[in-house]
Amino acid sequence: MLVVALGVLLLLPGHGLWFDELFTAEVGRRSLGDILTAIVRGEGVTSYLAGVPPSYNAPYYVVVHAWMSVPGLGGDTSLRVLSLLATAGGLALVTRAVARLGGTATGVLAGLLLAASPLLVLHSVEARSYGLAVLATGATALALVRWLQEPPRGLVLLGLAGAGMGLAHWYAVTVLAAFVVAAVVLRGRRALPVVLVGAVAALPTCLLVGLNVLNGTGSRNAEHLRDTDGRLLGYAVEAWAGGRTPLLFLAVGLAVIGAVRGGGSRGRELRVLGLAWTCVPLLLLAGAEFLRPVYHPRYLLAGLLGLGVLAAAGALAVPRGARGPLAGLLLGCALLASVPLADREPRERADDLVRVLADVQVAGEPVVAADQRSAIGLDHYVRTLAPRLRADLVLPPDDAPADADRVWLVRRVIDGVPEPTDDDEILREAGLRLVDEQGFRGTQTRLVLQRWEAGD
């Protein structure tokens, strides 16, 4: 329940959706046939998203479509609540899995620590697929623990949830590999059923990646991935801890203790699982970085759950008298690292822009989206907040009309300069000039509303 409470605090300000979440809403509201066609063909679902198809986490949009089909669940907040509920469910499953290996106290502490970690809290309330990835990861971890303790129980769940991990986010398949490695280390040749089930579970993700290569998507939407110059491991741990906070140093130190002594004399299974969960995904991605940039903090979320498991095990592996204070300190540091998230600014303010526009625009005056980012925000919030603007809305690839006396132009600002488009030249040639503009700054995207009018 801790992650739900923290998530609700983040949802209370009612910030508008930002580009990635707007993409979720735009794809999810389409018919199932349109979504599947876009996935298979590698095409966008609307004109201004022609180069941005639903791709490597494509099954997520099918889930969102089903969620939005339920009466009353089509709003912005409901999309974020889906992620929050999935995250909470995933952490409950992780708690159960760890408790079965290391005892109730270790399981509860691991669940609380993960629920308070800044990276997870932040993405638990985003309308993206990370909540579902956490849910599937928790289910897969519990399935593996069941198999370890009562073979062959857990194999069916391992296969289904393992497939769900990669389909929710394809980076999570590295965590599936980690679970298979843990099974092999712990059971040797007897782990062959887990190896086979893991291979079958990874197949849908491999097929999805292959489909995206064949339909031309490839790495088309991967410009946001960074090259860490060999520092991926450090960057990943910093992201989990919310930066170079006390949580970072305490968690890493306790994770080392957890890897050596976690669970006590009977805790070998917990130690091996925690080590594999933490290290295998990071090492696989560090190796992949020799081929191309692969780093983005939120993409590593499923794998970084293992760090919290090891840290919790380490906190309860110290002498008995120090366990309570150390566990409290660890959880307190996690909560303190997450506190700044409560005051976070909106990533994007397309909703505020549309509210202002609805107050100042006169029917018949064109409202033009100059670029993709502006278009998706305008399209969504005109539909949900100001439907009367729809008749005057101009979206890419259409340009600004040259026969109007006043035009409202919405555009993205990059490095303090509006993104250049053909609209400027069209409006100037039509005798219009820029007379006013109002900025809407977000932490991810800055938008500007410009008013162009005919010159005297």
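Every residue gets a Cβ built from N, Cα and C, even glycine.
As annotated by TrEMBL, transmembrane segment applies to 101-123 (among others).
Summarising the annotation, TrEMBL assigns transmembrane segment to 129-148 (among others).
According to TrEMBL, the transmembrane segment annotation covers 155-185 (among others).
Taken from TrEMBL, the feature transmembrane segment applies to 191-214 (among others).
The transmembrane segment annotation in TrEMBL covers 235-260 (among others). Outside the transmembrane segment (235-260), and at least 6 residues removed from its termini, the chain residues within Cβ reach (under 8 Å) are 113, 117-119, 228, 271, 274-275, 278, 282, 295, 297, 300, 303-304, 307-315, 317-318, 326, 329-330, 333-334, 336-338, 340.
The transmembrane segment annotation in TrEMBL covers 272-291 (among others).
TrEMBL lists 298-318 (among others) with the feature transmembrane segment.
Packing against the transmembrane segment (324-342) from elsewhere in the chain are residues 6, 9-10, 109, 112-113, 116-118, 121-122, 241-243, 245-247, 250-251, 254, 311-312, 315-316, 318: each is 6 or more residues past its ends and has a CB under 8 Å from a CB in it. Annotation comment: TrEMBL describes 324-342 (among others) as transmembrane segment.
Counting same-chain residues at least six beyond the ends of the transmembrane segment (129-148), those with a Cβ under 8 angstroms from any Cβ of the stretch are 57, 60, 63, 82-87, 89-94, 96-97, 100-101, 120, 123, 154-158, 160-162, 164-165, 167-169, 172, 175-176, 179, 182-183, 186-187, 193-194, 269, 273, 277, 298, 301-302, 305. Within its own chain, the transmembrane segment (191-214) is flanked in space by residues 39-40, 42, 55-56, 58-59, 144, 147, 151-152, 155, 158-163, 165-167, 170, 173, 176-177, 179-180, 183-184, which lie at least six positions past its ends and keep a Cβ under 8 Å from the stretch.
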